[in-house]
Amino acid sequence: MMTSPLTQRGALSLLLLLMPAVTPTWYAGSGYSPDESYNEVYAEEVPAARARALDYRVPRWCYTLNIQDGEATCYSPRGGNYHSSLGTRCELSCDRGFRLIGRKSVQCLPSRRWSGTAYCRQIRCHTLPFITSGTYTCTNGMLLDSRCDYSCSSGYHLEGDRSRICMEDGRWSGGEPVCVDIDPPKIRCPHSREKMAEPEKLTARVYWDPPLVKDSADGTITRVTLRGPEPGSHFPEGEHVIRYTAYDRAYNRASCKFIVKVQVRRCPILKPPQHGYLTCSSAGDNYGAICEYHCDGGYERQGTPSRVCQSSRQWSGTPPVCTPMKINVNVNSAAGLLDQFYEKQRLLIVSAPDPSNRYYKMQISMLQQSTCGLDLRHVTIIELVGQPPQEVGRIREQQLSAGIIEELRQFQRLTRSYFNMVLIDKQGIDRERYMEPVTPEEIFTFIDDYLLSNEELARRVEQRDLCE
C-alpha cells in the first residue's frame, strides 16, 4: 500500500512529538560543558514502523558532539561537514596531558542519542613523598611533563635519580633517590707547641684543649679517638705526633694532628779529670744536672767538688784537678795521720815482728804485684815492722815516728809478737783482720762485696779490665 509524501511527513512529525525531550546531563570533570549533551550507551531495537521514518538527510539528528580538552573526529554518511546527522560515527581523543575516560568511538543512533559517553581527565601523577634529609621542587606540580628536581640538606649527597618526570601513564620516571651522609665531620686540632724540660728532668708536662669537632650533616658526633699521650702527660725529649679522629653517625671520619716538641737545654759534655772520674745526676748534661768530680786512689781533688748545668747552657764554676795525694807524716798523733785518709782512702796496716818474717815477706810480695787493684779500690798500705828501737813504720817511702807507730798499734790492737794485718774502711772502722797472708784477690773480693759504695761499684764495672 502506497503512502503519499504528505502522510510520511505527518508520521515523522508525530514521531518527533512522541520522543521525549533529551536534556543534556553534565558531570564535574566529565569533559563536557553544561550546555552540551551526550548519550549513554544502550542497545535499541527500532520498530519497523519507525525505521521507515528515519531520515539521514536531517543535518542535526543528534546533538552536536563537543568534548572539552579533546577532539571528536566524525564521519557522516552524508559526508561534508555533517557531524551530527543520523549514522555519524565519531572517534574521540584527548589533548596532550589528558586521558580519555569512556568510549573511544560513538555513533549517532536513531534514538537521537549518541551510543556512549566519554570525557577527558587531566593526567596527574601521585604526590611524591619527601625524602629524609632532602626535598624536591617541581616545575608544574604533579601534572604531565612536570619535572621534580631533588636536593639534599647540607652535608648529604644525593644517590639515585636527581630528577623525575611525570609521564603519560600517570607514573613518575626513574626511582626515588636517597640522601646519604658521605661528608666527613669537620675537625680542628690545637696548634703545635714546644716546651722546655724542667730543671734536672728530661721530660715536660704538656697540656692542650680538645679539638673542635662539628658534623656537616646532622651535627651528631658519635666518637672521638686519640692516638698518643693524653693532655697533661710527661713527654720525653723530641717530637711527638698527636692525632685525633672523629666519627659521625654514618661512620664517616676525619682526622687532624699536631706536634708536641720537647727540648732539653743541654750543656757541653764534661770531661772527667785526669786520674779521676765524674758522677752526674739526670742525663749528665741537661739543665739542672749536677756533676761531681772524684779522684782515683792515691789522688785528691783540688778545686770545686761539683758543677751545675745552668739555664744558659753553661756549667757553673771551673773544673778541679786530681793531684797525687800528699800525706803529711809529720803530725803529732796517729789520729792526725788517720784523719788525712777519712772518706778518701782505705787502709791496710801490715804488722810483723821483723823484716825477715816469712809471712810478712810473702804478703808484701803479693801486694807489690797488685798495685793497680789496690789503687782502683783506694787502698793505702801502712807497714809496721820490727821491735823498738829498730822498729820501722812507713807509708810508701815516708817514715813514721816511733810515737805514731806506737799509737797506731794501740788504736788498732796490733801486736809485735807475730804477723797480723787489719783492713780499715774510709770511715776509719776496723772491717777485717788477718793472721796469715792472704791473696790480693781475697782482699779485693771482700772490698768489692762489702765496702764499695754504689758509685764505686759502677766505677769498678767501667774499670773491670783496666788492671788486666
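Residue 1 is the first one shown; counting continues down the chain.
Quick reminder: no glycine exception, Cβ is built from N, Cα and C everywhere.
Per Swiss-Prot, these features apply:
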type	residues	note
DISULFID	Cys74-Cys108	disulfide bond
DISULFID	Cys94-Cys120	disulfide bond
DISULFID	Cys125-Cys166	disulfide bond
DISULFID	Cys152-Cys179	disulfide bond
DISULFID	Cys267-Cys309	disulfide bond
DISULFID	Cys295-Cys322	disulfide bond
DOMAIN	72-122	domain 'Sushi 1'
DOMAIN	123-181	domain 'Sushi 2'
DOMAIN	180-264	domain 'HYR'
DOMAIN	265-324	domain 'Sushi 3'
SIGNAL	1-25	signal peptide
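DSSP places the residues of the domain 'Sushi 2' (123-181) in helix, strand and coil in these numbers: 0 helix, 24 strand, 35 coil.
Look at Cys267 (disulfide bond): DSSP puts it in coil. Under DSSP, residues within the domain 'Sushi 1' (72-122) fall into helix, strand and coil as 0 helix, 26 strand, 25 coil. Cα to Cα, Cys152 (disulfide bond) and Cys166 (disulfide bond) are separated by 21 Å. Residue with the densest Cβ environment among the disulfide-bonded residues Cys108, Cys152, Cys179, Cys267: Cys108, by other Cβ atoms within 10 Å. Around Cys94 (disulfide bond), a 10 Å sphere centred on its CB holds 21 further CB atoms from the protein chains shown. The C-beta environment of Cys125 (disulfide bond), restricted to residues of the same chain at least 6 apart in sequence and closer than 8 Å, consists of Met142, Leu143, Leu144, Ser146, Cys166, Met167, Gly170, Arg171, Trp172. Most Cβ neighbours within 10 Å, among the disulfide-bonded residues Cys74, Cys120, Cys322: Cys120 holds that distinction in the structure as shown.
Its Cβ taken as reference, Cys166 (disulfide bond) is surrounded by 26 other Cβ atoms within 10 Å in the chains shown. Around Cys309 (disulfide bond), the same-chain residues at least 6 positions away in sequence with a Cβ under 8 Å from its Cβ are Arg265, Arg266, Cys267, Asp285, Asn286, Tyr287, Gly288, Ala289, Ile290, Cys291, Trp315. Nearest in space to Cys120 (disulfide bond), taking C-alpha to C-alpha distance over the disulfide-bonded residues Cys74, Cys108, Cys179, Cys322, is Cys74. For Cys295 (disulfide bond), the same-chain residues that are 6 or more apart in sequence and have a Cβ closer than 8 Å to its Cβ are Pro273, His275, Gly276, Arg301, Cys322.
In the predicted model, the domain 'HYR' (180-264) has a mean pLDDT of 92.
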